[in-house]
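To start, the structure itself, in structure tokens.
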């Protein structure tokens, strides 16, 4: 931020949607694969570029793009999206004197190893659904802000859900129920408690494993035990229990935000020739709808963060 004759300038520049894919090959013939979409934003001391057209302190976006490819090549061992984002952020803040901080956002495409007749394939992958995300901010002093997340996690249960006791007035048409389908698309983001580069865990693929753990906690809390499940009185109540379960299982996470819009499935009702009245299909035939979704969002954080 700079002040210019009574004006205040806040600026950053970067490169968006740099797509890169990386294959790692083990000596035993097994391949590992990742595909990332990388966004880079640099905060730097490049005031002359704005006020006098002097670009001598600007890191070109073409340079940023090529740096992504070069650093991907240098990573000879499989690594998480978080670790790759940290590699890039460290490079930009250490290699360029004028860059004071770097923000790197990565969305990982969900390629999953396939199995053939119960055996994992050495080099075969299929595209899954939910996406793994991360955002890393690093400054010259080594201060770190690290957030991870999941996007597009679509989940549904056909019973054990209801919604009743809500405010009713002249605008309310929704009937109360203790029996309905519950479906949503979860977007989750959580911040790790690590506050500096020196405090990061050294375990390889630590953040990949943590993402798998968080997703498992979210799913287990949403669905409940495999036989009896768990009743949900509202999306809000389930969202809170999911967020609380993640913090309860994860001392390295300081807060989590969940977004869970309703996805509606309405029971189909049809008239017949013999019975012109509406005939209900016993709640086993449904119409997926595209009507506006109710959006539920909340953030749960620790009052004190201790590692």
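Using the three backbone atoms N, Cα and C, a Cβ is placed for every residue, glycine included.
In TrEMBL, annotation is done automatically, which means it is predicted and not curated.
The feature active site, charge relay system is assigned by TrEMBL to 15 (among others). Cβ neighbour count for residue 15 (active site, charge relay system): 20 (other Cβ atoms within 10 Å of its Cβ, all protein chains included).
The active site, charge relay system annotation in TrEMBL covers 61 (among others). Cβ-based neighbour count (10 Å, all protein chains) for residue 61 (active site, charge relay system) stands at 15.
Sequence-distant neighbours of residue 262 (O2 binding site) (same chain, 6+ apart, CB under 8 A from its CB) are 183, 184, 235, 293, 294, 295, 296. What TrEMBL records for 61, 262 is O2 binding site.
As annotated by TrEMBL, 5-hydroxyisourate binding site applies to 61, 62, 163, 180, 235, 236, 262.
If you take the C-beta of residue 236 (5-hydroxyisourate binding site) and look for same-chain residues 6 or more apart in sequence within under 8 angstroms, you find 296, 298. The annotation urate binding site is assigned in TrEMBL to 61, 62, 163, 180, 235, 236, 262.
Annotation source TrEMBL lists active site, charge relay system at 264 (among others).
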Integer Å distance between the CA atoms belonging to residue 15 (active site, charge relay system) and residue 163 (5-hydroxyisourate binding site): 45
Densest Cβ neighbourhood among 180, 264 (recorded positions), 10 Å radius: 180
